[in-house]
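Here is the structure we will look at, set down as structure tokens.
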């Protein structure tokens, strides 16, 4: 026996010993099957209890016809079977719909998926949240693997594959996470189309001891476990579209698959594949623990706010009654239902609500006595009236920021404020909630500090333990109501109309009064992790879409006991501001006809420009004001300011609320922007340290351009004592130049074409990358920030190694709290540019000075405490810098870069972090080249010879210039994302852009931690315009892996790249060293004679071979005995596990044998 043999025996023992012995092997037999699916099996709108003949909206989706498919579609789904014969299907709860079966495991477990494809095309199964190697990833893309490692990437019809997943500690729920984390699995050959076809299911990974030993296992810690997928399922993307047209359309030949109305009819706004309340009832017992596992999937329109009427949820330690869900977002919510009855779950995005994304859940008393709320506080009375008014969106008549008239032709605002025979102008009939002193409704309540509320109703305030009594008087011409968030109420005080088996006296008809009673028991108020007061909203829900667009919405504040003073205001806060960000769609208002009549519009002109007219009625407002017409928000330097921010509207109402000049804290995390979605509410705290006049605006480029701006003023007040001045020290200087270059978004198409196994013309990327048929291709002239070694700007700092991945981005600028960052900027471009940074304290309060072509300017950025990490943040936070001469056009031209600010002591002298081994900054942005300063030059350079023939408004041309990029690269053309196994990696994830820049970024094979007061586990990070996130990872899984945005259109458009985890070079050198040392121990000769020094003794050479063989034999024998004993222990332990697992591999093997005999 050679010495090396002993080494390999030792390594074998190590590998066997490393197999998890404390967890179960959980076998799942899944078959992929075609089936017929009905989105509305009850054949009606269950929410309103209307037939399809009486519901024009529901019938537009659900009635089949000459060129309409209707409610039934062929789909392909995962089904579970009892064993490898795939003959006995295991039933699942009806409410799971077309979702695959629940897969569940604990930390330490192994999941074996025995997948067989009974369908007509290749599919796979790819998981989130678990560990897998290359042969079990289930995702098709060029990753450098081959042979058996590719068998999992595409299981052909009739084929099968066994996927091996595990849940090691590196993928375990953290201490702060709930007992079980929500994940999904889905097919990943062409993931968007596979998922739209139906191949998706739920997966949970749990902490040890959470699951019992039953088959299937049940959770010990909850009484009910529900899984809900919120998705606009696009049947136009299904692999079965042609089959569905042929089967369900009465005249298939008449179908135009490109017709917009036909495509809309195939987009099913579903919960688990059911629409308009057709989801089978979700039943639970009051006062029992319920786990809700919520997840989303889909496209840019898949922005969902799930509202649970009547109950309160707990998500990551915070109380809420809504959950925000996006494509590949996973939410675990906990509930202990208190109020029995049939309650509504709905997506509160207006278009989704109207299109049927609603379901019921039923809370039964289950013989339990109803809980007695501990209400020891006040009864707070509010007298609120709905009053019709004429509302002016621009009362001062000019843009408060620029001073230009709102009606100046070509100014931008004139689109909304110029009155003509085809435009209403800026004044509309609306309805508003107004506060009165008592039930006589004679004397209004006037409070000077609430003048900024604008169209909003009065602020309703309460503390834990209080009862709120609202007397509502409807003096409007339509039935209206008041529906609250964030409080408890009985059925007779709910303001939403739906078919729950009760009457609805709480919708007030015209000139009718109704009274609502809401309560704030302890289990509904702010938690220990919440701020002192939580921001909520109330609104009319007789017809939620039309009521709120008409103006009926107001703020509600729920505080901890003792947080409100005698005057009803929050203690410890100097200023409170309530801001609603929404696009008021006056086309959806109850008063649309009245407004058109009042405007004396010409119907002929309207019919010629319907789209333009409707667009002019969509008012991008803050509290009902556009273009900085909101009454100015005044505060003093050093004040504690509470910003109560509210969102409302439809899927385009994705708002990144930016506070120019100062930063805010959100749950202890430092932010420059706060994200709002329909029916989401945020409390942000600011302590302004930067006097001046600043903007509040929505970061989504189009929203800001369309007027979603306001002004706040920070004054140096004599009554305020200055806080101790922060000490700064000059420390870091960057030399940055703006230069114009040719940029290629996709220099190599081989990855893209191999991925899709297609030609250039048939690839999804053709529209973006082809330079034929009037398109520009992948090359564009751009301006970029580049770093130089010194102020001569002669020697560029090379981009290699750690900075190779930056791509189009400028250099990664780093600083610590207390630093002064000096940026020497030279503009070598052909037009004026500047450098403006988020988060820092800029020395020039009027905004950064622009550098003319050839000019050199120096910018100074101070880094105060409020620019660095908050108490709940990671050690570093990410920001962004860009040219701000024209922020939108400058950024799309290419001038953008990352900025990182760290706590003191984190950065090394060379700028790197001492707590991380690698840092990567990634910008996910749809570069809209149509808005670049260089569009005309690019058309002339890269377009057709007759560039004057290019139609700049052509839809295909416009789409072709929208580059769905990661650091300016498409289809895995970004280079430099390489780490070694075991390294600590910080990812600075950045997003800017428009409301379509919703990016849910998924890391294959790795999970990461993100900070939100505590550490939480995830493998998808959500990004929106103006959000900058930091996630941290310990790279654990060697291989080349995919990273991509999970939004359907973004996947196909190329927003994906690969990152590589390499094994440590030390692994090989260590093994080599061990081998050499063993060899030395066996054959090392004594220098002076014919003996060998071995085991401390001089042994004659002639006896060495015999002794060596004997020693090795003894070692091997002892090793075998140890292995045998260990194997017996392991076998007994495993047998106990397997006896509790009826689907074990051994049992199934015997079943198969008996069937064959």
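In case you wondered, yes, glycine gets a Cβ from its N, Cα and C as well.
Feature annotation from Swiss-Prot assigns Na(+) 1 binding site to 70, 73, 265; the stated evidence is similarity to another entry. Reduced to three states, the DSSP call for residue 70 (Na(+) 1 binding site) is coil. Neighbour list (residue 70 (Na(+) 1 binding site), Cβ cut-off 8 Å, at least 6 residues apart, same chain): 62, 63, 64, 248.
Marked as Cu(2+) 1 binding site by Swiss-Prot: 126, 1002. DSSP assigns residue 1002 (Cu(2+) 1 binding site) to a strand. For residue 1002 (Cu(2+) 1 binding site), the Cβ neighbour count at a 10 Å cut-off comes to 19, with all displayed protein chains included.
Remark: residue 1004 (Cu(2+) 3 binding site) has 137, 139, 1041, 1042, 1043 as non-local neighbours, by Cβ distance under 8 Å and separation of at least 6 in sequence. For 188, 1004, 1044, the entry in Swiss-Prot reads Cu(2+) 3 binding site.
Residues annotated as Na(+) 2 binding site in Swiss-Prot, with similarity to another entry given as evidence: 416, 425, 428, 616. Classification of residue 616 (Na(+) 2 binding site) by DSSP places it within a helix. Here residue 616 (Na(+) 2 binding site) comes close to 415, 416, 423, 424: these same-chain residues lie at least six apart in sequence, with C-beta atoms under 8 angstroms from its C-beta.
If you look up Swiss-Prot, you'll see 218-366 marked as domain 'Plastocyanin-like 2'.
The DSSP secondary structure for residue 49 (N-linked glycosylation site) is coil. According to Swiss-Prot, the feature N-linked glycosylation site maps to 49 (among others), an assignment based on sequence analysis.
The N-linked glycosylation site feature in Swiss-Prot is assigned to 54 (among others). For residue 54 (N-linked glycosylation site), applying a Cβ distance below 8 Å and a minimum sequence separation of six or more within one chain yields no residues.
According to Swiss-Prot, the feature N-linked glycosylation site maps to 164 (among others). Classification of residue 164 (N-linked glycosylation site) by DSSP places it within a strand.
When other Cβ atoms within 10 Å of the Cβ of residue 236 (N-linked glycosylation site) are tallied across all protein chains shown, the result is 15. Sequence annotations record features per position, and here Swiss-Prot assigns N-linked glycosylation site to 236 (among others) based on sequence analysis.
The annotation N-linked glycosylation site is assigned in Swiss-Prot to 587 (among others). In the three-state DSSP scheme, residue 587 (N-linked glycosylation site) falls into the helix class. Taking all protein chains in view, 16 other C-beta atoms sit within 10 angstroms of the C-beta of residue 587 (N-linked glycosylation site).
Annotated N-linked glycosylation site per Swiss-Prot: 713 (among others), in sequence order, evidence recorded as sequence analysis. Secondary structure at residue 713 (N-linked glycosylation site), as computed by DSSP, is strand.
According to Swiss-Prot, the feature N-linked glycosylation site maps to 757 (among others), an assignment based on sequence analysis. Non-local neighbourhood of residue 757 (N-linked glycosylation site): empty, since no residue in the same chain at least six residues away has a C-beta under 8 Å from its C-beta.
Annotation for residue 930 (N-linked glycosylation site): same-chain Cβ neighbours under 8 Å, separated by at least 6 residues, are 952, 958, 961, 962. Annotation source Swiss-Prot lists N-linked glycosylation site at 930 (among others).
Residues or ranges marked as signal peptide in Swiss-Prot: 1-18.
According to Swiss-Prot, the topological domain 'Extracellular' annotation covers 19-1109.
The annotation topological domain 'Cytoplasmic' is assigned in Swiss-Prot to 1131-1157.
If you check the recorded positions 73, 164, 265, 713 against residue 1002 (Cu(2+) 1 binding site), none has a Cα inside 10 Å of its Cα. Residue pair residue 587 (N-linked glycosylation site) / residue 428 (Na(+) 2 binding site) shows a Cα separation of 11 Å. Applying DSSP to the domain 'Plastocyanin-like 2' (218-366) sorts its residues as follows: 25 helix, 65 strand, 59 coil.
A distance of 32 Å separates the Cα atom of residue 164 (N-linked glycosylation site) from that of residue 73 (Na(+) 1 binding site).
Cα of residue 265 (Na(+) 1 binding site) to Cα of residue 236 (N-linked glycosylation site): a distance of 9 Å. Nearest to residue 1044 (Cu(2+) 3 binding site) in space, judged by Cα atoms and limited to the recorded positions 49, 126, 236, 425, 428, is 126. Shown in sequence order, 126, 139, 141, 191, 1002, 1042, 1043, 1056 are the same-chain residues outside 188, 1004, 1044 whose Cβ sits within 8 Å of the Cβ centre of the Cu(2+) 3 site. Annotation for residue 188 (Cu(2+) 3 binding site): spatial neighbours 124, 125, 126, 137, 138, 139, 140, 194, criterion Cβ-Cβ under 8 Å with sequence separation of six or more.
For residue 425 (Na(+) 2 binding site), the spatially nearest entry among the recorded positions 49, 73, 236, 713 is 713, judged by CA separation.
Closest to residue 73 (Na(+) 1 binding site) in space, going by CA atoms and restricting to the recorded positions 49, 236, 428, 713, is 236.
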